[in-house]
Amino acid sequence: MESNVPKRKEPLKSLRIKVISMGNAEVGKSCIIKRYCEKRFVSKYLATIGIDYGVTKVQVRDREIKVNIFDMAGHPFFFEVRNEFYKDTQGVILVYDVGQKDSFDALDSWLAEMKQELGPHGNMENIVFVVCANKIDCSKHRCIDESEGRLWAESRGFLYFETSAQTGEGINEMFQTFYMSIVDLCENGGKRPTANSSASYTKEQADTIRRIRTSKDSWEMLGVRPGASREEVNKAYRKLAVLLHPDKCVAPGSEDAFKAVVNARTALLKNIK
């Protein structure tokens, strides 16, 4: 006679993962980790010397995760120390200070360093990246707005969070989403799940918005040579308008970029006979 007692569900196997932090010195990498793991903020700045290592356990969907965290020093002096720790990583916390443009501009350099150290057989597509726009509590000194940071992250398929290690804002949500994404990666055969947001706009749109942000004048913004004809200006404008119109483009910063293009066209046509 068969028993009607339901079979006991086997507990999911625990996971052991490796996470590293990356970013310039003084952007708050260690403070973010301490805020999450120790529920405290260290106001006195103490630079990380080489590598700080810690272990924490978390629960993700009834699964125990043992997280090995390697907090890497951001100063170039420690390159020879940290370059040994890039391999066999499942997750990367990439941090910049919203009040330091240099730290934001350096994100590409950090990715390049990691790619170089992983070598030709390393695959960064199988690693979960989360970008932390840190120190949002210092709003008076902010120079990188959310749309610019989010665009950089999402166009690469990375997670993006606005954080403050001082107040704790965004920290728990960031780590929870980060760990869930790593579990998804492990359960997906080591392949990073596709971020939904990154599929909603094209690389061309993202690159165009970045170019418009950094343009020095209206000519450069429209992508035409100084002294271009009225017809050339209008042609360039129409192409950009189709690409960036807020009704068609959902990329972060698209509305501001579209307005900038409209203003650039107006300014140029005033001076063209």
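Using N, Cα and C of the backbone, Cβ positions are placed for all residues, glycine too.
Keep in mind that this is a model prediction, so the values were computed, not measured.
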Q.
Labelled region 'Required for interaction with MAPK1' by Swiss-Prot, one stretch among 1-18, 181-198. Can you tell me which?
A. 1-18
(Q) Summarise the domain 'J' (217-273) as counts of helix, strand and coil residues per DSSP. (A) 37 helix, 0 strand, 20 coil
Q: Indicate whether GLU26 (GTP binding site) is helix, strand or coil by DSSP.
A: coil
Q) If you average the pLDDT over the domain 'J' (217-273), what number do you get? A) 91
Q: Give the number of CB atoms, excluding that of GLU26 (GTP binding site) itself, located within 10 Å of its CB.
A: 16
Q.
For each of LYS29, MET72, HIS75, ILE136, count the other CB atoms within 10 A of its CB; which of these binding-site residues has the top count?
A. LYS29
